[in-house]
Amino acid sequence: MALSTVESFVAQQLELLELERDAEVEERRSWQEHSSLKELQSRGVCLLKLQVSSQCTGLYGQRLVTFEPRKLGPVVVLPSNSFTSGDIVGLYDANESSQLATGVLTRITQKSVTVAFDESHDFQLNLDRENTYRLLKLANDVTYKRLKKALMTLKKYHSGPASSLIDVLLGGSSPSPTTEIPPFTFYNTALDPSQKEAVSFALAQKEVAIIHGPPGTGKTTTVVEIILQAVKQGLKILCCAPSNVAVDNLVERLALCKKRILRLGHPARLLESAQQHSLDAVLARSDNAQIVADIRKDIDQVFGKNKKTQDKREKSNFRNEIKLLRKELKEREEAAIVQSLTAADVVLATNTGASSDGPLKLLPENHFDVVVVDECAQALEASCWIPLLKAPKCILAGDHRQLPPTTISHKAALAGLSRSLMERLVEKHGAGAVRMLTVQYRMHQAITRWASEAMYHGQLTAHPSVAGHLLKDLPGVADTEETSVPLLLIDTAGCGLLELDEEDSQSKGNPGEVRLVTLHIQALVDAGVHAGDIAVIAPYNLQVDLLRQSLSNKHPELEIKSVDGFQGREKEAVILTFVRSNRKGEVGFLAEDRRINVAVTRARRHVAVICDSRTVNNHAFLKTLVDYFTEHGEVRTAFEYLDDIVPENYTHEGSQGHSHAPKPRGPVTSIRKPTNEQENGQEARAAAGQGRRKPNERPPGSQVHSQPSSGARGCDRTGAIDRTEHFRAMIEGFVASKESQLEFPASLSSHDRLLVHQIAEEHGLRHDSTGEGKARHITVSRKSPAGSGGVAPQLPSPPSPAQAEPEPLSQQPLGQPHCSTQLDLKALHLQRLQRQQGSQAQPAKAQPGVGLHPQKTQQKKKKKETKGPALPCEEDFDALVSAVIKADNTCSFAKCTASTTTLGQFCMHCSRRYCLSHHLPEIHGCGEKARAHARQMISREGVLYAGSGTRDRALDPAKRAQLQRRLDKKLGELSSQRTSKRKEKERGT
């Protein structure tokens, strides 16, 4: 390879690293100078108000201190943060700015954080359990120096074991043809064909082999098999990864295979299961351990003698003796380290831990035969070059379609710093150096199909063992609407659940989506799903905090994290809250496609996405996700959860009617979304308008038409049009016939039932959707003339009070195209009230609308209780207009019939009129919007005003002077009165 190519590559990488380093230093400086402690905590780099919960001595004499948040309430959890195991942190007293000590973070949970302090802090660090402390993440100079040193070594590398590898990796030459390898037996006989092909390919490659492992495909299993086969061939392996967690994962897997492994790194950064394989632990078990301990004891004794004596000659002798002892100690320790390193078949370390300024400097240059870099796609390319220079062959494993390397400098990332070595080589060499694992063992096939089509060119398939598994298949989990679907989309479009509009906030939150998440989790838990099997993923720290405040106390085992915290993890159910809901259509952090891929593919059996489709559809990739869930999953609107959300803003007046009704744990129904051409608001109302009731017996004289099962949900637009025309022809044939009813089979999908509802409404027919689950079917019948038998099917009239026996919602028309939005929304809420009242009805009570000739007492009772005209069944435009006008002149609060023609207040938040009893936003359900509006006004003007919220006017200067004179005069009079009284008192004495 031309020297200029290596030099230009190194120069570019050094420049990018310098930009990254400058950005990190500037960020830290800016935080310390301009950010308050609360702002630092909101950024995730500081933890405030911590108390010491326990102290103990850890491995090799280290002091482990566990901190917990100060207990001020029932929920004691740490705020959302970016701390991870291995971070260098500074400990500060809560009331002081000086740093008490520096330590290494060893463990962090939702409720506590543990820090390891060196022995040097034993006597200086006195921590009181009653005091409060804070932890601040510190910049790490060591990593930057090691990256820079590795690049300079690469620049000067002329001859050595890695010469051919450098030639291939930097583009000077193509990988050599594969060599023939002798037949071998797999340690793991359960490997699938793609995994076996990857193992054989990696062993046969001469310079480089890339294992592309999408989520759940057993990448680590494949890497372990490759390492075991290489060790069997007598090769020495250096295995690295960018994080301690990834390295320890490999340590655990290899330890089960009884191979000689050695883990390099700070003991405090290692998992407990990996600490017994650490270098310090191995040295403690070696033959030289006792000799080394004796030498250290001798050094301590000489130090003690040196302190006691005052004679200069003796002090000089003691110092010389200490030098000799230290020299002997160093020699014996290095000999023990070399012995341990050479005896190990596999040495494991992080990329930076494999640096030549560590224990590996004691080994010869050609000691290792193969370097394995796991999770290569998450590592900066410069960090990969630290281990790559130590062997002639490398095996890279990872997934460049998941999270990229983490960077701070946006400029450096755009210039190429966020582009990993694996991504660059895949684009450069393609199939000549890459083998992809194509069978995944984690996700339901519906989840797999989206990831495969969106990110992996359709090559990813689900193993039969997981292709159809659902939450309901878990032990003790009931078969419910939530546990029987792999994909669920809860759409908040048009429901007013906007993100928090805070200009000064660095993060985003959405309280409305938090409540939807809470309701869905409760539905899953009630069905028997263990909270520890559920993960909630949010893209913003503020949303994570809101979720933890709402859920952690009730479900302590529930994991709530950002996307970065779940890389490499999996859960039975995953709930994603996208947060963003705004009129500008801004998606912000969500625009990173790979983050969404990671979030969705953490789930095994169930994925629920809560988002505003109008906002996220402005991003092409997110639109494909929403469209896929719409086509292949269950779609619900937040309106279906409105019963559980709105009453929080109501007073007792609005909830008396259903105060004894059990609170529903989830939505009452779910339908698949209609075509994309429909407006989201219409979709929401149409979805919420279909209620459920028990399936009725088929009446005589009904006409039954069979319909092929529509189980294949991935239908194209042409198929949807064909089905629409088919249903239209069936209904038009029914209209022309003399049959009284037309019944459709239960094999129709929810989308097909929606089409039938719409077509029946167009023809002025009555359409009932009855039954639950797979037994749900539609019956279309002719409408009875108004007044026949004194009873007519009615829509709930907005101004009318609650009816004694409300008509089932399935008998209501799906939508009224001529009605205003106000009328639709109010009718929607009345329908929900009716559902709750209907759930309390006695079983012996006759169902409304079953017979055309009810008892006279029932007729009288219904006539007496029914107030206000009902909307006509026929499409009478004048009657509809009259109903809308009457609704506009009636209080829009549920169950209130007060007139607002003379006295009424208009709500600026929901654009409706209310009577004086319900006009306050907190009463009729606009409390959140009112508070958000008030916060916006305060944020915009920067002043919090008392009273009406108007700015206090400054007094006129002349009037102010007059008032000041009157005040001075009054004060003078009072002062003179006190003086005269004092004199009179003195005279009397």
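Every residue, even glycine, has its Cβ placed from backbone N, Cα and C.
ATP binding, as stated in Swiss-Prot, involves Gly213, Pro214, Pro215, Gly216, Thr217, Gly218, Lys219, Thr220, Gln402, Tyr441; the candidate among Glu68, Glu570, Glu572, Glu586 given for that site is Glu570. Swiss-Prot tags one of the stretches 355-359, 630-634, 860-864, 865-869 as motif 'Nuclear localization signal', and that stretch is 860-864. Look at Lys219 (ATP binding site): DSSP puts it in a helix. A distance of 55 Å separates the Cα atom of Cys896 (Zn(2+) 1 binding site) from that of Pro215 (ATP binding site). Every protein chain considered, the tally of other Cβ atoms within 10 Å of the Cβ of Lys219 (ATP binding site) stands at 22. The average pLDDT computed for the domain 'R3H' (721-784) is 81. One residue stands out among the binding-site residues Thr217, Gln402 for having the most other Cβ atoms within 10 Å of its Cβ: Thr217. Across the structure, Pro215 (ATP binding site) and His918 (Zn(2+) 1 binding site) are spaced 53 Å apart at their Cα atoms. The two recorded residues, Gly213 (ATP binding site) and Cys915 (Zn(2+) 1 binding site), show a Cα separation of 63 Å. Looking only at the binding-site residues Glu570, Cys915, His918, the densest Cβ neighbourhood within 10 Å occurs at His918. In the three-state DSSP scheme, Gly213 (ATP binding site) falls into the coil class. Here Glu570 (ATP binding site) is compared against the binding-site residues Cys891, Cys915, His918, and the shortest C-alpha distance is to His918. Shown in sequence order, Thr890, Ser892, Phe893, Ala898, Thr900, Tyr914, Leu916, Ser917, His919, His924 are the same-chain residues outside Cys891, Cys896, Cys915, His918 whose Cβ sits within 8 Å of the Cβ centre of the Zn(2+) 1 site.
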